[in-house]
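Asker: Pulled from TrEMBL, these are the listed features:
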type     : residues  : note
TRANSMEM : A:26-50   : transmembrane segment
TRANSMEM : A:57-76   : transmembrane segment
TRANSMEM : A:82-103  : transmembrane segment
TRANSMEM : A:110-130 : transmembrane segment
TRANSMEM : A:161-180 : transmembrane segment
TRANSMEM : A:211-229 : transmembrane segment
TRANSMEM : A:249-273 : transmembrane segment
TRANSMEM : A:285-304 : transmembrane segment
């Protein structure tokens, strides 16, 4: 009970800090914080598939990209209020996840990973090659950011305002995703990640559950992507590239996949390190590689995971 | 004579020309406890694997409650009311003892797709899980991680998972394997108590003859994939062929 209070207290503190952040840091770090929140949601959605269900996907950026393009194109062609573009982003990426997942969940482990990678590459080439629709490697740019919708009068083009929009949306989405992990459905996913066969002998079609987890994860990745396009002012093929999928994997491993907030923490470490290290040296990938190697060799439960393990004495 | 609950005809499974199970037929009537015995490699586990959907038979048929279930996937067979345990402990080591049972209960009550409410607030499931753990004497361990349980308690937990889906037909694959004499007695009594409740029909494989003779209404003896004998414990005890093929081998094993 005391650990629960401690965690609730810490969480309240983190949230308060996030809401007060713009009063304490420069404009630059508001950008950084926005990116961390969006990437944190992306990594957390990936972790529903990876940490909770036990499937390593290398194609998760496809859904992030789908969300980005949906938002960007709706804003460009139809000037739809942002909130509706976000809902549309969730819908389109969910549908894409249903199609890709339908094939992928038939396979296990390394074959699952390879098939998600293959589908990710296909989605990337569509975005890259289908110029008349996606504008090729330049991506979708120049879309106006007019209104948020729901009768709210928000100056979305102001980075400070957009930070708060992202903060509220990500916190709500994270709360929802957390609820999913703690629901009866979430319990079944954990059971599947550990022993799919036993779940089948309890009367559940485990493949169907893995597909649903994949679709739910795709939906949240699409929301993250939908938030990212207006922030980045472009929806481009790099967001779908497999290296972007790998970022979700890296962030999750950095933070720790066993705790819900691990991927968010990992996203923070990743984005901050990238920001700081690239300002000193071009060897960001080398440093990242070293950190990752150390993590995998010595701190397999991730930074936040290792710390929380100590605190909770697991 | 009542209709059999499980009716198996000429069940055969071959692996690359080897007949693991070779034309075995068996009827199990409701509320009966049938023991399946035979030396290692007799085909008992393969037989179970076909009934529970883990393997598709090469030929033959399985009917359950008048419905053909040959070759159905495990989750469909489980849904029909057949639940099995495994020879090698097959539980969720990383989940708590209570969660292990809750997984099966969630599946049984059709709540596995509920995403937008907390599992920890579901009184129906939690209370039922506790009741089941109490029945097996595991309630004190409810919040322990299943992986840290003693071997005997893990085997009991496995039985709890099996019972959680409220099966009519329970297949137990060597439930007392590797247990201490004390634990074996406990499990034997448990099975007898469950059988006497009249809620279950049991098919049990077992090496320990004292367990077999203590619980079985009828015994099927398998040898090299085939049916060697079938009868009451008394008949099996006095069957000369069984003595030669099986009980004799045990003595050899004991001697070596």
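For all residues, glycine too, the Cβ spot is worked out from N, Cα and C.
Automated prediction, rather than curation, is the source of TrEMBL annotations.
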Asker: With Cβ-Cβ distances below 8 Å as the criterion, list the same-chain residues six or more beyond the ends of the transmembrane segment (A:249-273) that contact it, or say none.
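Answerer: Answer is 32, 35-36, 39-44, 46-47, 50-51, 56, 58, 174, 177-178, 181, 287-288, 291-292, 295-296, 301-306, 308.
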Asker: Under 8 Å, at least 3 Cβ pairs, sequence separation 6 or more: does that hold for the transmembrane segment (A:26-50) versus the transmembrane segment (A:211-229)?
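Answerer: With 3 or more qualifying Cβ pairs, these stretches touch.
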Asker: The transmembrane segment (A:211-229) and the transmembrane segment (A:57-76): do they have three or more Cβ pairs under 8 Å, with pairs 6 or more apart in sequence?
Answerer: yes
Asker: In the same chain, who gets a Cβ under 8 Å from the transmembrane segment (A:161-180) while lying at least 6 residues past its ends?
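Answerer: For the transmembrane segment (A:161-180), the sequence-distant neighbours (Cβ-Cβ under 8 Å, at least 6 residues beyond its ends) are 15, 18-19, 21-22, 30, 33-34, 37-38, 40-41, 44-45, 48, 82, 86, 148, 154-155, 186, 216, 220, 223-224, 227, 230-231, 260, 264.
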Asker: In terms of Cβ proximity under 8 Å, which residues at least six beyond the ends of the transmembrane segment (A:211-229) contact it?
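Answerer: Residues packing against the transmembrane segment (A:211-229) from afar: 38-39, 41-42, 44-46, 48-49, 52-53, 55, 57, 60-61, 63-72, 75, 85-86, 88-94, 96-98, 100-102, 104-105, 140, 143, 165-166, 169-170, 173, 177, 180, 185, 189, 235, 239.
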